[in-house]
Amino acid sequence: MLSTAELGACTVFVSYFAVIAVLFSVIASDLLARARALQSVPKGAYGFLALAVGSFAHTWFYMFKFMAWSFADYEASTTPSGNLLQRISHWLLDTSLFEQAWARVCFGTMNWWWSQQLCLYTVGKRYGVARVWTYMLLGQLVAISVASNLFYLALALSAPTRVKPAPRTHIRATVYLPVLLSMGTVALSPFTNERTFLPNLLLMHTLIVLPLFSSSPTQLAHKSRWTVPVSTLFTTLSVFASVLHVRQTYLALITRPTPGLGSYLQAAWTTLYSHPAQSSIGWDVVWTSASLLVWAAASSPITAVVYAVLMPFCLLATLALNVLQYEPAY
């Protein structure tokens, strides 16, 4: 028999996957409704669907490897007892998988170079799709690349519309303050300690979701004392994101025992496979980058080429804030 605490730990674990299933169901229902409303499904939509499936399979292959590693690591430090269910419940009760995974990818200059890109990318994803919070939450629970591709798919199944905010559009403080504060938590993450790491991490994930639940995220035409232009917010985020990434790239470069681009790329590749948790979030960055290039290519092949050249050196979030202003014409 499982104790109350062990049963609670198992319930939380199962509920995590149940929430993911519900989110997938809600998003799939919306996508099917959009597809039925069209006379023909754009070819690009199939591409984003394939990217969503591929990124999900790849990132979660490593996520399940991480869970297996965590279970084996836990049992190596204890004396296993009971049946498999009891052993799993003991592991879940005594292990914080969320903190354990993020601790592996937040400390170390090259580790954070990979992971920071994904944390910074999540702030740029509000573009008028119904129940957009489901995509954001799915990105937090599953993978940003999966949520991104499903988001692109939703836009591809919509009538082509120019979505760049008008110059007179202003954003309320309930939107821009959480976003800016979340950027601060990203900057602080590699400098946290055992006591402050988890609170900062939870605050980061909470802040970037809060704007999605704002009842009126934008205020059109009439600015007020507490609003800022959308263009100003985009510029601020781009500059801040670039500064953080340039700083982390510099730190990663100077900590290499052997200087040079070859040593840097080799270290990045080695870090990518240093741990299952790192592989999961690292490949999430790669898939998100590839998907962004596909989206850019659908709008402008020239833009996609430029971004492909800049992407290894610039921050994914900075490019995303620019390329996601418009929908491609299929």
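Quick reminder: no glycine exception, Cβ is built from N, Cα and C everywhere.
Values in this document were obtained by computation on a predicted structure and should not be read as measured data.
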From 93-111, 226-244, 264-282, the residue range that TrEMBL assigns the feature transmembrane segment: 226-244
Segment-segment contact (the transmembrane segment (45-64); the transmembrane segment (12-33)) at 3 or more Cβ pairs under 8 Å: no
Candidate ranges 12-33, 173-191, 197-214, 226-244 - greatest C-beta contact count to the transmembrane segment (132-152) (under 8 angstroms): 12-33
